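> Below is the structure I would like to discuss, written out as C-alpha cells.
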Amino acid sequence: VDQLLNRMLRIGCQLQCTATVSKAVGQVLSVRQKHALPDLTYDYAALEPHVNAEIMQLHHSKHHATYVNNLNITEDKYQEALAKGDVTAQVALQPALRFNGGGHINHSIFWTNLSPNGGGEPQGELLAAIQRDFGSFQKLKEKMSAATVAVQGSGWGWLGYDKEGGRLRVAACANQDPLQGTTGLIPLLGIDVWEHAYYLQYKNVRPDYVKAIWNVINWENVGERLQTAKK
Ligand SMILES: *[C@@H]1O[C@H](CO)[C@@H](O)[C@H](O)[C@H]1NC(C)=O
Ligand SMILES: *[C@@H]1O[C@H](CO)[C@@H](O)[C@H](O)[C@H]1NC(C)=O
Ligand SMILES: [Fe+2]
C-alpha cells in the first residue's frame, strides 16, 4: 500500500491530471487498510547522546502520528469524493494527501535509517557506489552535510538512487513535494531538518545536529535500500 501511495504522490506531482490520480488513488483505496504508525525497533533513549529521548518521543509519537492520522482522515474524505464523483473535492485534497502522505513516507524511512548500533562506515556494494559517485565516504558526508544544513526553513537532506543513470545522488528539498516526485530519486537515506527533529537538544545550531547524526546512521539499512532500488 505504501508503494502505491508513493506512486500516487509521484503521479500527483508530475501531472495535473486528475483522471490518472483518481485511478491510482482508487487502486490504493480499494485494497487499503488504514495506515498505522510503525513501531521503532529501538527505545526513544537509544540514540542518546546524539538524539535525545525527548526529541525521539515527540517526533515519533506526536509528529509522525499526526501525519498518519491526517493521512487516514484525508483518504477517507478522498474515498467519499471518489464515490460521489466530486472531482473538485478530489483536487482540493491533493495538498493534504501530499503533505501527510509525504510525511508518513519520509519518517518511515528515517526511523529505519537510524540505529543505536549505527555510525561507522558503509560496507560492500554501498561503499563501492559511494566511492564511485562521490570519491570517498568522507566526501559524501561533506556534500550531504552541507546540502542538508543549507536547507531553507523546514526540509530534508537525502541520499537517493538515480535508477536511470545508475548513480547515487545527494538532494535537499525545502518544499513539500516527495523526493521521488520532484527529483526522480529513490530515497535511501534521509536527514530530517525540520526544527522538531533537533531544536529541543541543539536549539538553532542545525550543523551540530547534522554532524552528530552520522554517529547513528544504520548503513546496513541504507545498503539494503540500495539493493532494492536497483531491482
Ligand atoms: C490512523 O492513524 C492513526 C495513527 O495516528 C492510527 O492510530 C489510527 O488507528 C488510524 N485511524 C483509523 C481511523 O484507523
Ligand atoms: C518529505 O520529503 C520531501 C523530500 O525531501 C520533502 O520535500 C517534504 O517536505 C517532506 N515532507 C514532510 C512532511 O516532511
Ligand atoms: Fe520530522
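Cβ coordinates are placed from backbone N, Cα and C, and glycine is handled just like the others.
Note that this is a predicted model, so its numbers are computed, not measured.
As annotated in TrEMBL:
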BINDING   His59, His107, Asp192, His196  Mn(2+) binding site
DOMAIN    34-115  domain 'Manganese/iron superoxide dismutase N-terminal'
DOMAIN    122-225  domain 'Manganese/iron superoxide dismutase C-terminal'
> Using DSSP with the three-state reduction, classify His196 (Mn(2+) binding site) as helix, strand or coil.
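Going by the DSSP assignment, His196 (Mn(2+) binding site) falls within a helical segment, counted as helix.
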> Which residues in the same chain, at least 6 apart in sequence, have a Cβ under 8 Å from the Cβ of His107 (Mn(2+) binding site)?
His59, His60, His63, His64, Tyr67, Asp192
> Taking each of the binding-site residues His59, His196 in turn and counting other Cβ atoms within 10 Å of its Cβ, which one has the fewest?
His196
> What are the DSSP helix, strand and coil residue counts for the domain 'Manganese/iron superoxide dismutase N-terminal' (34-115)?
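Counts, helix then strand then coil: 59 helix, 1 strand, 22 coil.
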> Enter the number of other CB atoms within 10 angstroms of the CB of Asp192 (Mn(2+) binding site).
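So the Cβ neighbour count for Asp192 (Mn(2+) binding site) comes to 23.
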> For the domain 'Manganese/iron superoxide dismutase C-terminal' (122-225), give the DSSP counts of helix residues, strand residues and coil residues.
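Split into helix, strand and coil, the domain 'Manganese/iron superoxide dismutase C-terminal' (122-225) gives 54 helix, 22 strand, 28 coil.
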> Pop the mean pLDDT for the domain 'Manganese/iron superoxide dismutase C-terminal' (122-225) in here, whole number is fine.
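A mean pLDDT of 95 is what the predicted model shows over the domain 'Manganese/iron superoxide dismutase C-terminal' (122-225).
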